[in-house]
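Student: Copied straight from TrEMBL:
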- B:Cys100, B:Cys103, B:Cys140, B:Cys143: Zn(2+) binding site (BINDING)
- B:Glu115, B:His132: Fe cation binding site (BINDING)
2 protein chains.
Amino acid sequence: MEHRIDRIKKQLHAQSYKLTPQREATVRVLLEREEDHLSAEDVYLLVKEIAPEIGLATVYRTLELLSELKIVDKINFGDGVSRYDLRKEGAKHSHHHLVCSECGSVEEIEEDLLEEVEKIVQNEWGFQVKDHRLTFHGVCKQCQTITVSASS
Amino acid sequence: MEHRIDRIKKQLHAQSYKLTPQREATVRVLLEREEDHLSAEDVYLLVKEIAPEIGLATVYRTLELLSELKIVDKINFGDGVSRYDLRKEGAKHSHHHLVCSECGSVEEIEEDLLEEVEKIVQNEWGFQVKDHRLTFHGVCKQCQTITVSASS
DNA sequence: ATATTATATTATAATTATTTTAAATATAAT
DNA sequence: ATTATATTTAAAATAATTATAATATAATAT
C-alpha cells in the first residue's frame, strides 16, 4: 500500500500537485476498496471515517484530479452517478466491466480484449485510439445458476 | 420516416403503450437528428419547435420509455449529461462510438466489432452478454491532419 | 525567522440535471 | 354515458456537481 501511495505521490509531484492529507486519505480509501466501484458520495463517506473534517467538494476535486492524471477512471454504468475506478499500476487503458442486470454486481476484466478491435478502428476509420470504455451488460455466472435452479 | 414511426408505434403497442402526439414529436426529432447525440435538454428544445406545449418532464419520460424498449440507447460520454441514441432498425446492440478529445466530435461505428470478444467473455468468464457499451477516446482523422499541418 | 505569494481546503450557496408529485386532461373500455 | 386507465403539465423535490469567499497550508524570497 505504502509503495503505491508513494508512486501516486510522485505522479502528482511530476505535475506539481501535492499529496495533501485530504488527497492521501482519498487515495487510501480507493486503494482499500480497489475492487469496488464507488461513487463520489461513497468515497466521501469512507474518507470521513479516517479524516472527518474533509468536505464533499474536496473529494470531488480530488477525484477529478486523479482522473485527469489517469490514476483513476471515471466510469458510468447508466445509473445517474459517476464511479471512480483505480487503474492498475502501469495500465494504459481503462479495464473492462461486466455489469449484471439481475443482481447489479460488477466484475472486472483486466486483460485487454480490444487490441485487435483497436487496430481495425485505427486502420479502417483512421481514428487514433488513446483509451476506451467497454462495459458488457448481461447475466453473471452466479445469477445464471440461480435462474436455472429456480426454474426447475 | 413514416415507416419507421409506424414500426415504433407497433413496438409501443406491443407493450400496450400509446404513441401520443408528444411521443411522436419526440421520435420525429430523434429520427431527424439520427446522426447526433442529443441530451434530453437538446431534444426538448427541438421538440418544442414542432410541439411548443410539451414539457421537459414529458421528454424525459418519453426518452426513458424508448430506452426501456431499446428503441434508443442512453449513453454517457463523461460530461455530466445522458445522451440518447436511436438504434438502427433491428439492431441487437448499441453501436460503438469514437469520441475525439480534440474537437469533441462523435462518430458512430455500426458494424459490430465485438462478436469475438463477447465469445471470450461468455466462455472464459461465464457471463451471458445481453448488450454492450463501447466508446473509444482519441483523435479523429480530421484533427490528426490539422495537428500534422500545424506542426510543420 | 518573517513577509509574500501561490496553492489547497472548507463550508456554504448556487447551479444543473433529473425525477417525482399532484391535478388536469385525454383515451379507451364497459 | 360512465368508469377506469394512461398521459401530460407544471411545480416542487431530489441528486449530483461546481462556484464562491474565507481560511489555512505550504513554498519562496527577504
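Just so it is clear, glycine is given a Cβ too, placed from its N, Cα and C backbone atoms.
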Student: Report, in sequence order, every one of the binding-site residues (B:Glu115, B:His132, B:Cys140) having a CB within less than 8 angstroms of a CB belonging to chain A; if no such residue exists, report 'none'.
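Tutor: Going by the Cβ criterion (under 8 Å to chain A), the qualifying binding-site residues are B:His132, B:Cys140.
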Student: Among all the protein chains here, how many other CB atoms are within 10 A of the CB of B:Glu115 (Fe cation binding site)?
Tutor: 9
Student: For the binding-site residues B:Cys100, B:Cys103, B:Cys140, B:Cys143, work out the Cβ neighbour count at 10 Å and name the residue with the minimum.
Tutor: B:Cys103
Student: I'm trying to understand the geometry here, so how far is the Cα atom of B:Glu115 (Fe cation binding site) from the Cα atom of B:Cys140 (Zn(2+) binding site), in Å to the nearest whole number?
Tutor: 24
Student: Quick one: of the binding-site residues B:Cys100, B:Cys103, B:Cys140, B:Cys143, which has its CA closest to the CA of B:His132 (Fe cation binding site)?
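Tutor: Its closest listed neighbour, by Cα, is B:Cys100.
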Student: An 8 Å radius from the center of the B:Cys100, B:Cys103, B:Cys140, B:Cys143 Cβ atoms defines the neighbourhood of the Zn(2+) site; name the other residues of that chain inside it, in order.
Tutor: B:Ser101, B:Glu102, B:Gly104, B:Ser105, B:Val139, B:Lys141, B:Gln142, B:Gln144
Student: Which number gives the other C-beta atoms within 10 angstroms of the C-beta of B:His132 (Fe cation binding site), all protein chains shown included?
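Tutor: B:His132 (Fe cation binding site) is surrounded by 20 other Cβ atoms within 10 Å.
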